[in-house]
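Take a look at the structure set out below.
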Amino acid sequence: MPPAPAPAPGSPPAPIPSPPVPQSAPHTSQCPPRHAIRVRPQGGHDSPPAPAMPARDLLLLLLVVLSWAINFLTSALALREIPPFLFTALRFALLALPLAFFLKRPAPGQWPRLIAVCLCIGVLHFGLSFSALKAAGDLSSPAIVMQSYVPMTALLAWWLLGERFAWRTGAAIAISFCGVLVLGFDPMVLDHPLAVVLMLVSAAFLALGTVLMKGLRGLDMLSQQGWTALIAVTPLLAISLALEPGGVAALPGVSWVAWLGALYAAFVSSLLGHGLYYVLVQRHPVAQVTPWLLLAPVIAIGLGIAFWGDRPGPSLWVGGAMVLGGVLLIALRNLAKSRAR
């Protein structure tokens, strides 16, 4: 559910650094980063609207969304047998194997920021999001609550970077947060309140990592994902040994379903899903891609109902619609501003 690492369970994508790629949450891992809204420059002429996305790229984008949505289900199955921080460490260890060949050294003076980003996103966001998924009795509420990182990113960018947003974006942020409160009254969610709290904290660390990532320079996406994987593995293992005793010793006895979940998270959700995502944002404005990513939690809800036994009540449907609606409004505001530049 963010990389840059691969966004969390269902993975909002990880934020994209400025330069070299024009960027935007996750998630992510996991809707992608740079959701904070920048002020439209004054003066000059408006550029023509971005061309429509061709059918081939639209199909690739739907493949990305599907890979992230399925990741909620496969990760939840794996977490029945593997503790969450250990599962996160396995995911990054597997991901680091192919990406180690593409690592580039960060620019001078970038190491402290890079390490901070890796700890916020790779360790705290992913570790807590998988903890939330394990604690939840459903797939629907974690998939929805994770999207709150989008308005959190806008607020942190305003607070830490001085980025401003219009009142419409402020209203969308308020709608999203009110939606989290509403879905919190659903009986399915009330049975596992800790899961919502953990996912909100996880989303906050993803938002903070996204804002910090804006200052990174000289790293392409493969290098950033690779460094995140390498740096995150050791602290994740240390946390697992401290908080999840017996987890490592039990690994030889876990089923093929659990190992398949770890392999899927590393190579399908992260390597394939995020790889295709970064290709698409190089071809098209990030604001044009972002709204489609909201299909991931919608599909995850459908998978939860079909395969996990989710039975969302009215509060979850209404609250979920408010959260996703607010996120969609933010994405559409970004799209409108990108077309107006």
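Glycine residues also receive a Cβ, built from the backbone N, Cα and C atoms like all the rest.
Heads up, TrEMBL stuff is auto-annotated, nobody curated it.
As recorded in TrEMBL, the features of this protein are as follows:
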COMPBIAS  1-23  compositional bias 'Pro residues'
DOMAIN    58-183  domain 'EamA'
DOMAIN    195-331  domain 'EamA'
REGION    1-48  region 'Disordered'
TRANSMEM  58-79  transmembrane segment
TRANSMEM  85-102  transmembrane segment
TRANSMEM  114-133  transmembrane segment
TRANSMEM  139-161  transmembrane segment
TRANSMEM  170-188  transmembrane segment
TRANSMEM  194-213  transmembrane segment
TRANSMEM  225-244  transmembrane segment
TRANSMEM  256-280  transmembrane segment
TRANSMEM  292-309  transmembrane segment
TRANSMEM  315-336  transmembrane segment
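Pairs of Cβ atoms less than 8 Å apart link the transmembrane segment (139-161) most often to 194-213, out of 85-102, 114-133, 194-213. When each of the listed stretches 58-79, 292-309, 315-336 is scored by C-beta pairs under 8 angstroms to the transmembrane segment (256-280), 58-79 comes out highest. For the domain 'EamA' (58-183), the predicted model reports an average pLDDT of 94. Only pairs six or more apart in sequence are counted, and the transmembrane segment (292-309) with the transmembrane segment (58-79) gives three or more Cβ pairs under 8 Å, enough to call it a contact. Ranking 58-79, 114-133, 194-213, 315-336 by CB pairs under 8 A with the transmembrane segment (225-244) puts 114-133 at the top. The list of residues near the transmembrane segment (85-102) in space but at least 6 beyond its ends in sequence, with Cβ under 8 angstroms from a Cβ of it, reads 5-6, 75, 78-79, 122-123, 126-127, 130-131, 222-223, 225-226, 228-230, 232-233, 236-237, 239-240, 243-244, 247-248, 251, 261-263, 265-267, 270-271. Secondary structure by DSSP for the domain 'EamA' (195-331): 114 helix, 0 strand, 23 coil. Across the domain 'EamA' (58-183), DSSP assigns 104 helix, 0 strand, 22 coil.
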